[in-house]
Amino acid sequence: MPRGLTGPECFPDPGQKEWDPGLATRRGLAAAFRMWSDVSPFSFREVAPEQPSDLRIGFYPVNHTDCLVSPLHHCFDGPTGELAHAFFPPHGGIHFDDSEYWVLGPTRYSWKKGVWLTDLVHVAAHEIGHALGLMHSQHGRALMHLNATLRGWKALSQDELWGLHRLYGCLDRLFVCASWARRGFCDTRRRLMKRLCPSSCDFCYEFPFPTVPAPPPPPRTKTKLVPEGRNVTFRCGQKILHKKGKVYWYKDQEPLEFSYPGYLALGEAHLSIIANAINEGTYTCVVRRRQRVLSTYSWRIRVRS
């Protein structure tokens with residue numbers, strides 16, 4: 001069982017006269033579990049330590065249990081650094097660093113105490129996702145993103161829901177979903193129906209990331225024959241970005257959303273690739289402002305071995 005919140009600053013709710021670390025821990029963890037139960041078929045309840053359970057949670061010192069033998073879970077390292085880690089099913093273990101300064105509130109630096117105060121609810125929700133079987137997401141606004149704690153995203157995204165549907169199936173949460181779908185709610189109340197009635201509305205496996213369709217490459221596409229292994233950088237719209245346009249990148253008309261170490265580095269107005277067989281193809285950048293295309297550039301890469 002958790003040993004309670006530690007640290008110099010832990011804030012109770014307004015009007016609460018006494019601070020109970022044990023109670024605060026349970027409140028924080030309960031809030032994290034609610035984030036998942038509100039959008040999935042799962043329900044969670046706390047049981048006594050001696051009873052069997054699917055998930056077991058603990059606050060631990062630096063060297064503990066499996067961290068000395070598991071290459072995937074580093075031992076804790078004191079304040080900051082490794083905050084927590086969790087094990088994929090069927091293990092179900094979730095471990096928090098007992099040296100952190102946990103709070104019920106946003107992660108922030110306390111200049112008064114000279115330490116980082118870490119949001120227990122946010123970190124716990126991320127680790128619960130791992131315990132349910134989700135890996136890190138590449139979507140920048142996903143709670144399961146590797147740097148979600150630093151970025152401050154606290155709500156579950158469509159990416160997490162999509163992952164749960166893939167792992168556990170897609171179920172409606174209300175018996176009236178079929179009736180609502182027949183009344184057209186899948187279109188008129190899409191956000192509500194995505195959360196409560198994904199099966200009736202066929203929302204289960206739609207692609208979770210919003211994308212902008214690619215226009216056809218411009219007729220004057222530049223072709224480059226590049227030695228294998230060379231770094232190639234494309235620059236897009238340097239003279240037009242001051243008009244507050246947004247840049248979109250595509251490879252062979254498929255959207256590029258993320259960088260891939262060792263293959264592709266994606267910036268706002270530039271794209272760098274390592275020339276190899278995988279990266280051969282046509283790269284297009286589009287500068288848009290709202291629905292208007294301000295400019296389009298395209299390069300065709302061929303690798304010379």
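Backbone N, Cα and C define each Cβ position, glycine as well.
Of the listed cysteines (Cys75, Cys204, Cys236), only Cys204 is recorded by TrEMBL as the disulfide partner of Cys170. Of all the recorded positions listed (Asp77, Asp97, Glu127), Asp77 has the fewest other CB atoms within 10 A of its CB. In sequence order, His126, Gly129, His130, Leu134, Met135, His136, Ser137, Asp159, Glu160, Gly163 make up the list of same-chain residues 6 or more apart from Met144 (Zn(2+) 2 binding site) whose Cβ falls under 8 Å from its Cβ. Ranking the recorded positions Asp97, Glu100, Cys204 by Cα distance from His85 (Zn(2+) 1 binding site) puts Asp97 first. Note on proximity: among His95, Asp98, Cys204, the recorded positions of the record, the Cα nearest Asp77 (Ca(2+) 3 binding site) is that of Asp98. In this structure, of the binding-site residues Asp54, Asp98, Glu100, the smallest number of CB atoms within 10 A of the CB marks Asp54.
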